[in-house]
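In what follows, a structure is listed as structure tokens, so that the remarks can point back to it.
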């Protein structure tokens with residue numbers, strides 16, 4: 001008898017890419033016992049075995065393999081969805097880690113006779129194995145397939161060192177990222193695909209090269225690519241350590257370097273080296289020790305997921321030292337462990353939109369083509385078959401559209417799952433379409449061969465996949481992507497869109513195809529529900545698309561419809577309506593304050609501050625993408641979020657937005673506190689009364705606020721007392737004869753301040769009341785004794801005529817017209833002031849451009 005660990009396969013399981021792992025004390029008899037022959041035919045065979053001296057050793061290997069392949073195991077079964085070569089390597093690694101001697105046998109056959117049929121003694125179901133020893137062997141889940149692609153597809157770039165000129169936004173990103181690291185120890189750089197995040201990371205890590213830097217990447221190919229780029233930028237290989245499972249030597253110019261997974265060597269090198277750059281895969285991060293000054297996590301959205309320790313979260317959750325820099329184009333916020341966690345990830349220190357990269361010429365532009373559902377000659381008997389035939393025809397329509405402009409177009413088709421990819425592939429091939437298919441259950445050599453064939457094809461070709469080529473794979477000649485199934489994750493959508501956006505000389509714009517089950521015979525908003533997540537994701541990366549959705553007549557966008565049976569313009573209008581208002585068509589989803597593109601809204605705020613010398617007023621309007629918006633609503637949201645951020649509360653603002661705000665003149669005083677600072681004005685009032693023997697002298701409370709950033713203390717006091725007078729002029733209680741009013745609205749603390757300051761000088765500031773109501777005549781005119789504030793205004797009106805020196809000193813440039821209180825005269829005259837927002841009873845909203853009257857212009 002021969003004991004051992006085995007991997008067996010049966011045709012029924014092999015069709016699903018499943019393999020049976022197990023252990024036995026009798027390899028010759030195992031595949032002939034009842035558990036194998038009762039439910040299956042006798043077509044079992046061993047892929048390989050590890051013969052061991054005892055059954056207990058074989059059981060330990062099985063337990064170790066199932067632990068390390070836990071993410072690929074069928075629940076409660078000893079079935080693993082991995083290629084035999086991968087399981088073989090894993091089994092040998094487990095045996096070596098557990099110090100178990102074995103003999104490897106590939107595709108063995110064992111002779112079966114009566115002497116081999118022996119009843120095996122039972123063993124404990126859960127053998128004791130050191131999971132700590134095996135933790136570094138745990139295989140990362142392939143739930144999104146792109147991790148698989150990282151290790152399969154790698155195309156070397158030119159590794160020669162060349163002078164590189166940093167782009168302006170890269171310098172800005174590096175500066176803001178480094179400053180945020182110094183301030184809080186953590187920073188996120190959110191930059192669109194293909195905009196040079198690695199270069200920015202290099203500029204930042206250059207500040208830490210006297211110490212130890214860890215650069216984490218999600219796969220072996222990206223590790224090589226990162227090394228090559230850093231080498232081009234000037235990094236010396238003598239201070240570089242590569243941690244990964246590929247033993248192939250990497251040759252760069254005349255230098256060369258190898259990867260390692262030796263935990264003893266890795267720990268010793270990290271601890272003893274005074275300065276070191278470690279580039280490692282997340283999968284190998286459990287081999288590292290916590291001794292770094294800076295940790296860079298590339299494609300950090302892949303860290304997010306369940307709140308548990310796994311290779312991708314190991315460093316994030318267990319390492320305590322060093323600053324943390326996170327790089328991504330698509331942050332992930334929809335998981336238990338998400339990038340909303342400021343303690344772990346920090347905030348976004350720099351943001352660079354996809355549209356910015358396109359307009360700057362670094363990213364290829366693209367168009368959107370929605371593909372209508374074609375009419376079928378024969379209606380299938382079930383819904384699933386109908387959908388499949390419709391999508392096949394839509395793919396063929398999309399390819400035909402590409403061929404009108406490109407001789408040999410290449411199109412990636414993203415499917416819902418591998419099953420759908422196989423079904424579509426079979427249908428397309430049957431219809432004579434040159435189609436290829438790749439998925440993670442295929443051998444690596446097959447995937448690489450398929451991908452190479454796709455890239456080098458001189459004919460129109462389609463490559464079907466689920467998520468294998470969604471991230472990290474460069475296809476310079478790719479012309480289009482087609483979504484054969486809805487995507488709901490913004491990360492998946494943006495990453496997929498970016499696949500064909502490589503910038504190349506004379507390369508035509510890319511095309512994004514969105515199939516819809518819509519035609520003119522049966523149109524309703526629900527038919528557009530599948531594109532709403534897509535539109536939301538794109539609008540967050542492309543402000544131009546956002547503006548187009550608000551008003552397509554003012555902002556053009558390359559979006560069209562192919563295969564429509566009726567009016568294209570009407571279908572596009574319905575699609576835009578569904579995106580903006582949802583399939584119920586009720587709530588405007590786009591004009592919420594938090595959804596306004598930050599750079600555009602902040603630019604208007606900055607313009608108002610720098611040109612108009614003030615912050616927004618309540619009735620300021622904002623013209624964006626043809627939409628009429630109330631700017632004050634967004635401004636109040638900004639102030640609220642800013643205060644939450646400064647108080648270390650959950651906030652919608654990111655560090656780069658806070659930095660923008662704090663760059664504005666007097667932001668923390670006038671921007672946040674408003675034009676009428678209460679405490680500052682009360683201190684000025686108290687000093688004034690003390691110096692002038694209790695005489696308030698002259699205050700203008702009639703024309704409204706003094707809101708300019710250059711306002712004098714007396715002008716600001718006028719604004720404060722104007723507000724006091726207005727609020728004190730409101731009755732409280734119920735009175736049927738008068739229109740209901742809001743009541744006595746001066747806050748108690750402010751009333752106490754006024755009582756204290758005016759009381760010292762026996763000045764009356766409150767209006768007279770009877771039973772809580774103002775003393776008024778039948779016309780609503782106040783009939784009580786004048787307050788000191790009202791008397792001060794009468795004095796002011798006299799001073800305007802008789803005391804110009806006083807007016808010029810405390811109200812410099814004062815004009816009779818009210819425009820002085822709102823804008824500087826030249827701003828008013830030139831029409832640079834923000835337009836006035838007005839909402840009418842019928843729901844209509846307008847922006848009314850402020851224009852001066854002749855009497856408002858001071859000669």
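Cβ coordinates come from backbone N, Cα and C, glycine included.
Database features, via Swiss-Prot:
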type	residues	note
DOMAIN	178-349	domain 'Helicase ATP-binding'
BINDING	191, 192, 193, 194, 195, 196, 197, 198	ATP binding site
MOTIF	298-301	motif 'DEAH box'
DOMAIN	394-553	domain 'Helicase C-terminal'
Identify, in sequence order, the residues in the chain of residue 196 (ATP binding site) that are 6 or more apart from it along the sequence and have a CB within less than 8 Å of its CB; answer 'none' if there are none.
167, 170, 362
For the recorded ATP site formed by 191, 192, 193, 194, 195, 196, 197, 198, name the remaining residues of the chain with Cβ within 8 Å of the site's Cβ center, in chain order.
329, 352, 357
Mean predicted confidence [pLDDT] for the domain 'Helicase ATP-binding' (178-349):
92
Within 10 Å of each Cβ, count the other Cβ atoms and name the one among the binding-site residues 194, 197 with the highest count.
197
For the motif 'DEAH box' (298-301), sequence-distant contacts whose Cβ falls under 8 Å of one of its Cβ atoms, 6 or more beyond its ends:
188, 197-198, 201, 215-218, 222, 226, 326-328, 330-332, 339, 345, 471-472, 491
Which ones in the same chain are close to residue 192 (ATP binding site), with CB under 8 Å and 6+ residues apart in sequence?
329, 352, 353, 354, 356, 357, 363, 498, 541
Taking DSSP states H, G and I as helix and E and B as strand, how many residues of the motif 'DEAH box' (298-301) are helix, strand and coil?
2 helix, 0 strand, 2 coil
Within 10 Å of the Cβ of residue 198 (ATP binding site), how many other Cβ atoms can be counted across all chains shown?
20
Across all chains shown, how many C-beta atoms besides its own are within 10 angstroms of the C-beta of residue 193 (ATP binding site)?
21
Where residue 197 (ATP binding site) sits in the secondary structure, as DSSP reduces it to three classes:
helix
Tally every other Cβ atom lying within 10 Å of the Cβ atom of residue 191 (ATP binding site).
24
